[in-house]
Amino acid sequence: MKSMIANYISEDNRFQELDEVFGQENILVTGLSPSAKATIIAEKYLKDHKQMLLVTNNLYQADKIETDILQYVDDSEVYKYPVQDIMTEEFSTQSPQLMSERVRTLTALAQGEKGLFIVPLNGFKKWLTPVDLWKDHQMTLKVGQDIDVDAFLNKLVNMGYRRESVVSHIGEFSLRGGIIDIYPLIGTPVRIELFDTEVDSIRDFDVETQRSNDNINQVEITTASDYIITDEVIQHLQNELKKAYEYTRPKIEKSVRNDLKETYESFKLFESTFFDHQLLRRLVSFMYEKPSTLIDYFQKNAIIVVDEFNRIKETEETLTTEVEDFMSNLIESGNGFIGQGFMKYESFDALLEQHAVAYFTLFTSSMQVPLQHIIKFSCKPVQQFYGQYDIMRSEFQRYVHQDYTVVVLVETETKVERIQSMLNEMHIPTVSNIHEDIDGGQVVVTEGSLSEGFELPYMQLVVITERELFKTRQKKQRKRTKTISNAEKIKSYQDLNVGDYIVHVHHGVGRYLGVETLEVGDTHRDYIKLQYKGTDQLFVPVDQMDQVQKYVASEDKSPRLNKLGGTEWKKTKAKVQQSVEDIADELIDLYKEREMSVGYQYGQDTAEQSAFEHDFPYELTPDQSKSIDEIKGDMERARPMDRLLCGDVGYGKTEVAVRAAFKAVMDGKQVAFLVPTTILAQQHYETLLERMQDFPVEIQLVSRFRTAKEIRETKEGLKSGYVDIVVGTHKLLGKDIQYKDLGLLIVDEEQRFGVRHKERIKTLKKNVDVLTLTATPIPRTLHMSMLGVRDLSVIETPPENRFPVQTYVLEQNTNFIKEALERELSRDGQVFYLYNKVQSIYEKREQLQRLMPDANIAVAHGQMTERDLEETMLSFINHEYDILVTTTIIETGVDVPNANTLIIEEADRFGLSQLYQLRGRVGRSSRIGYAYFLHPANKVLNETAEERLQTIKEFTELGSGFKIAMRDLNIRGAGNLLGKQQHGFIDSVGFDLYSQMLEEAVNEKRGIKEESPDAPDIEVELHLDAYLPAEYIQSEQAKIEIYKKLRKVETEEQLFDVKDELIDRFNDYPIEVERLLDIVEIKVHALHAGVELIKDKGKSIQIILSPKATEDINGEELFKQTQPLGRAMKVGVQNNAMNVTLTKSKQWLDSLKFLVRCIEESMAIKDED
């Protein structure tokens, strides 16, 4: 596609005229549609291969044009400098994604790389780190290089990296012995091993496993922030800030001088710990003696392109006014200083004066710039066919008759084949090999994607996209980084931190106090220290650590500690045991009943089904495809389906359900779609109508929004079989509704229905296929324990290229709120304003009305009548209101694609899972969503709230906040799946133990034996210092992780693997660790030899075999193999168990390892008869 369109364009006279003067003189290029403009700009860049700067009026336009340019130019050569046109951004946690794009761009420019650089106006004006300072902090490390370690680590801190004990997030580094781990903003995490001061090796590593992968010869370490802050910068900042404070103080009202002092003190406080880059970026205008702007980073001969100049000047005016108003308000309220700012206003004008500029505009209009050339292109939009095949046929025939070359761009190879066969059926010849010479009058169908098609008549070229053919949007964008799977999100909530609650299988709920090395009888060992009720403490040897689990329960619940030796824990466990057995019985009975009952068996997919599925405008995610296959598989079996489909909000459950519904209708069955609220019913009804508009399917709605007459007609239609699909609330469960032939019941969020309705659903389940949808994730552990008892399908992957919601955590401030509201309303969007106090919610509306006099503002809360609430919500969905001031009632279920800003007051009072779900309300269309989590200014937060806010900040990446939210949602999901009353039981023993007990109960009822090794746990008691010293592994989490791995070792290969990991992560190990590994090695052989006990008796070592091993051992072989030990070994039999005694010598440990290996080998050889 690239070469073909490029050839056409490069041979055109207008393009050649443009090419001659581009970059030499000021030119105006008019008449090109957005995608045609991107095509011309990309072609010019590819021809010259110089630095090219493309300025747009905002980030949204930059994103749009980037997407089109990426169709032609390799993404390694396309750079964007993404900056929001929003002051609030400077005052909040930065999005790592936007930050990494900015750093990538600045680094490429500083290194003089060629590339096409797309910059929104706001990015162009920002004050930046001086170019020389930036260059000085670009580091390349090579194997064999000598480094000053202290200076190197200091540089990392200047560059915005944070030092941690274990590296798990972008922007962190750690030092352990001679090993430095770094997780750069761009690229993979790296592990640098030093030999004294020389770089001995560089390896990339996996943050999940902490293991190294491949050796690399060199690594580039980019900064972790777009500002470099050195000691000198801090010194300069302190001096300038002091001057600004002293200058501002007398110029503001006396009433706010104290506030100004507090603001000043808060910055000084942070300077002492200095490098909080997030905070100090607000003071960029005081940081550097000579700050740079982006133009300073470009080469002198860079080509400059300006997109829609008049629109940029408009944006510049608005931006200047906004910034000035914002800063004035900040200064007047004592929250800012005179001289504080973020941008150089005149930088854009300076750019235009210093360079020859190519201005692109769609229409010719007067511009206040000198122009030497005007080049007019004639470009027409393409007819929108939207699946109207007659119009499509005649238009394509016209193109062919007029000798046009037609290029049809589609997303995938499969679609190429589909479109080709469709056009061939219309008798329109197509070509698929784009490398052939294409003549006029031919249609080429090829893979590719632009935001829209275009026609260049004088070139006789027309480009048509899927958007014109079928009304689908283009989706090709720069690939985003892989999203973390649910399993990985949840994995690290198991990490134990000091102070965490734990559950000991035998002793109950306690508190984890850390790992402690104790001396017991002259030997040092590590123990897990646990606190119980009162002053009780328990030291658990690390080799028994599998009896200790992290206590996980509903959010913010602190459990009661158990008393050591008390009976309370035994009683609690017995109650839970009874409860899980009851559940297991119920599940097994349901399962058996379903296996025996006979339902309708659907046929294979029809041709209509395939056509219907092809109409879906997006690519399915792998999880969606798998779920659809599982559901169809169930429908094609004789027993009734009862499947639960879980997937996060917006992950595409509805499409899966719609396909199942269509399949049922094609087989002559009726479908009932049951939803918990009237609004959801309306939304699902509209989705079904839109998806099935081209097929003969009769769809009706039963809800309060329907008249009595309409509902009566629907009921008659259901009874007669005229209605195929009915969507509705619990009204569908009424006795007065009769179906002619109901085949499929789809239930959305079953847990939101009352007991009576659930009972009715249960009776329907007996002979109808049922598909239940839920947005609450089901925990994997629970998923595993229910395998074979409950059919579950899980959608864990989000749709490709869904924009991540930009999340800001900010102190509450009227300026921020006003800016956020204005920004959303100016793009004709809507806002959810979350205020969780019903008693003063109307006052809040009045406040916002004063702030935004022209906005229509509605209120929604749980104390309104159901009718009022639904009508308000519906009006909001229909865009009759701009802002909805609401309580958490919007947490589930409402889909308002046009509402893409969420503001939450007092976010510190919400639970993480709540915040996570609320945030899922925005960013659900093709626009970027914004979430502002506000917390009261100057409020002293309690520890939990502070932790929670810290965690919310990490929501901007897939950080631990995400994992905790997932944890809480999973527990909620468990409660929903097993019934609300189980919540209490889960909380009483902790989620993990509960899941384990449930799995054991289900397996026992199904007659599945637990796989347990024949050999019991081997006791090895040797007088050796065998542990992981704190000097070797500082992180307690890492220690526990290694102990867990050693506990699971069953083969020599696994042991070698742990040894490799220790050397890889922590360098060569000391003697205490070597002894620990020796003991594990002895255990491995003892396990396979049937040894029960190895005990140090002081002068000798006693080894006792199990009675079975005593029977199986080949004694003759043992004596033959152990001859080198001579008299040091004695063998006897006591109580049917072989008893081996080894007298200790200097080398007794080696002798013991040898002896245990000999016993194992003697097991494998049978006595000769």
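Yeah, the Cβs are placed from backbone N, Cα and C, and that goes for glycine too.
The feature ATP binding site is assigned by Swiss-Prot to Gly647, Asp648, Val649, Gly650, Tyr651, Gly652, Lys653, Thr654. Residues annotated as domain 'Helicase ATP-binding' in Swiss-Prot, with sequence analysis given as evidence: 634-795. As annotated by Swiss-Prot, domain 'Helicase C-terminal' applies to 809-970, with the evidence given as sequence analysis. Annotation comment: Swiss-Prot describes 748-751 as motif 'DEEQ box'.
In the predicted model, residues of the motif 'DEEQ box' (748-751) average a pLDDT of 80. For the binding-site residues Gly647, Gly650, Gly652, the greatest number of Cβ atoms within 10 Å around a candidate Cβ is found at Gly647. According to DSSP, Gly652 (ATP binding site) is assigned to coil rather than to any helix or strand. According to DSSP, Gly647 (ATP binding site) is assigned to a strand segment.
Packing around Tyr651 (ATP binding site) is summarised by its Cβ count: 22 other Cβ atoms lie within 10 angstroms of its Cβ, all protein chains included. Using a 10 Å Cβ-Cβ cutoff, Thr654 (ATP binding site) registers 20 neighbours. The DSSP breakdown of the motif 'DEEQ box' (748-751), given as helix, strand and coil counts, is 2 helix, 1 strand, 1 coil.
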